Structures are given as structure tokens and as C-alpha cells.
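Report on one structure; see the data block that follows.
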Amino acid sequence: MNKAKRKAVIAGNWKMNKTAGEAAELISALIPEVAGADCEVVICTPFTDLPVAVSKTAGSNISVGAQNVHFEKSGAFTGEISADMLTELGVEYVIIGHSERRQYFAETDETVNKRLKAALAAGLKVILCVGESLAQREQGVTSELVALQTRIALGGVSAAELKNVIIAYEPIWAIGTGLTATAEQAEEVCKTIREVIAALYGKAEAEAFTIQYGGSMNAKNADELLAMPDVDGGLIGGASLKAPDFAAIVKAASK
Ligand SMILES: O=C[C@H](O)COP(=O)(O)O
């Protein structure tokens with residue numbers, strides 16, 4: 001299978017932005033802009049926006065995702081949201097292991113793995129985030145680190161379940177900084193991730209597997225990043241908050 005046959009996914013991660021009212025406005029603007037896109041389009045909204053996002057996107061080509069999920073089904077976990085709560089709302093995707101969760105909310109590779117398995121068991125599709133800090137890149141451990149993050153996150157995940165997983169490679173130093181990895185840097189790490197998938201699940205599974213780049217992707221750099229052989233899409237932060245900016249990236253992925 002070559003890249004042309006792989007599923008390209010452009011996902012917006014709104015992070016902690018947009019009230020429900022603002023979400024409704026952004027989605028209304030986005031629907032006509034991305035209609036007919038030749039890639040999958042996902043918006044990952046704050047929890048409080050999910051009901052409006054699901055209802056507003058009904059009948060469109062936009063799927064809705066959450067930005068985190070807890071690994072227990074229910075119980076005394078104040079402030080947390082379970083996978084069943086998301087699926088009952090009609091949510092299709094969830095981001096797991098974003099570096100901001102790892103950095104600010106003490107997520108570890110082990111809890112990422114638990115969340116990922118709980119999400120898959122509930123029928124959610126997962127966007128698993130991996131990536132190195134600037135210090136780690138400068139130490140020359142990027143490949144090893146990303147491979148390890150990937151292996152631990154996917155522990156206990158079957159080949160059948162893997163079909164519902166996407167990996168987003170997000171160098172932490174490129175997130176929200178305006179610094180983008182070069183296309184070659186993005187390709188190198190995405191290729192490493194594909195090799196890890198091949199070692200764990202086989203070559204055919206690896207060739208079919210979607211790997212996104214994330215980190216200051218925008219309308220200007222999307223073409224070059226998405227042209228790389230192992231970059232199949234993007235996880236977009238800042239540029240997903242304006243309909244024309246996000247739509248331009250969706251168009252780049254649809255070429
Ligand atoms: O999840 C998205 C990434 O963290 C990228 O964010 P950014 O596009 O604002 O750099």
C-alpha cells in the first residue's frame with residue numbers, strides 16, 4: 001500500500017478554547033469550507049462543547065473528538081470523564097497522551113496506555129500523541145524516546161484494535177511556538193514510528209497506519225509537511241481555531 005491509499009486525517013485540537021456558543025459559530029463557518037474534502041476531518045473540542053459539536057456536525061463530513069478520557073468506567077474520580085460518557089454523546093475520537101496532558105497533568109506512558117485501552121474498548125478512535133522536548137532532541141534521544149512512548153502506549157493493543165488508532169508525532173518544542181519541525185525532521189520521526197508499528201504488528205499494518213504531524217502546522221507549511229511519504233495528516237492547534245485557516249490545511253491534505 002502506498003501513501004495515496006492511506007487514510008489522511010486532519011484533526012483540530014481546540015485545547016481550552018471556545019465556549020459552546022463560540023463552538024457553534026466556528027462549526028457553522030467550517031462546515032461549508034471543508035465539505036467535499038478528500039481526507040478525514042476531525043475537531044477535538046473541550047468537553048463542554050461536545051454536545052453542540054455533535055449536533056451541529058450531524059450530516060456533515062466532520063467527526064467530533066474529545067481531548068482526553070479517563071481509564072475507569074465510573075466511580076469516585078472527581079473531574080474526570082469516562083469513555084462511555086463520550087460514546088453516548090456520539091463522540092467518535094479522543095486524543096490521548098497530548099504533551100500538555102503529560103507536562104501539566106502528570107500523564108505518564110502507563111496512564112496513557114490505560115486510557116488508550118479503555119477508549120478502544122468503548123469503541124472510540126484514538127489519536128495518540130508522542131513527541132520529544134527540545135532538551136531530548138538536543139541529547140539525540142528523539143527516536144528512542146518516541147519509539148518507547150509508542151511501544152508502551154500500545155501495550156496490550158491487538159492488531160484489530162490498532163485499526164482505530166492514529167499516532168500524532170508532536171515535537172513539544174514546535175507546539176504553539178511558531179517553530180515547525182522541518183519536513184525532513186517530521187518525516188524522520190514519522191518513519192521511525194512506522195517502523196515500530198511494523199515491528200509490533202507487521203509490515204502491512206504499518207503501511208496502512210495513519211501518522212500525523214503536529215506542531216505549528218499552518219496553511220503555509222502544510223503542503224510541504226504533508227508531501228512527506230510518512231506524514232499522513234496533521235493535528236492542528238492554533239490554526240484550527242479559525243475556519244479559513246483550518247480549511248486551508250484540509251485542502252492541502254485533499255490534493
Ligand atoms: O494538538 C495540537 C498541537 O499541540 C499543535 O498545536 P499548534 O498547532 O498550536 O502548535
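All residue numbers here begin at 1 and follow the chain in the order shown.
In case you wondered, yes, glycine gets a Cβ from its N, Cα and C as well.
Model, not experiment: these values are computed from the prediction.
Feature annotation from TrEMBL assigns active site, electrophile to His98. Sequence-distant contacts (6 or more apart, same chain, Cβ under 8 Å) of His98 (active site, electrophile) comprise Asn13, Gln67, Asn68, Cys129, Glu170. His98 (active site, electrophile) falls outside any helix or strand according to DSSP and counts as coil.
In the three-state DSSP scheme, Glu170 (active site, proton acceptor) is classed as coil. Positions annotated as active site, proton acceptor by TrEMBL: Glu170.
Annotation note: Gly237 (substrate binding site) sits in a coil segment as assigned by DSSP. The annotation substrate binding site is assigned in TrEMBL to Asn13, Trp14, Lys15, Gly176, Ser216, Gly237, Gly238.
When Cβ atoms from all protein chains are considered, those within 10 Å of Lys15 (substrate binding site) total 19, not counting its own. Listed in sequence order, the residues Ile175, Ile236, Ala239, Ser240, Leu241 complete the 8 Å Cβ shell around the substrate site centroid, once Asn13, Trp14, Lys15, Gly176, Ser216, Gly237, Gly238 themselves are left out. For the recorded site, Asn13 (substrate binding site), the DSSP three-state label reads strand.
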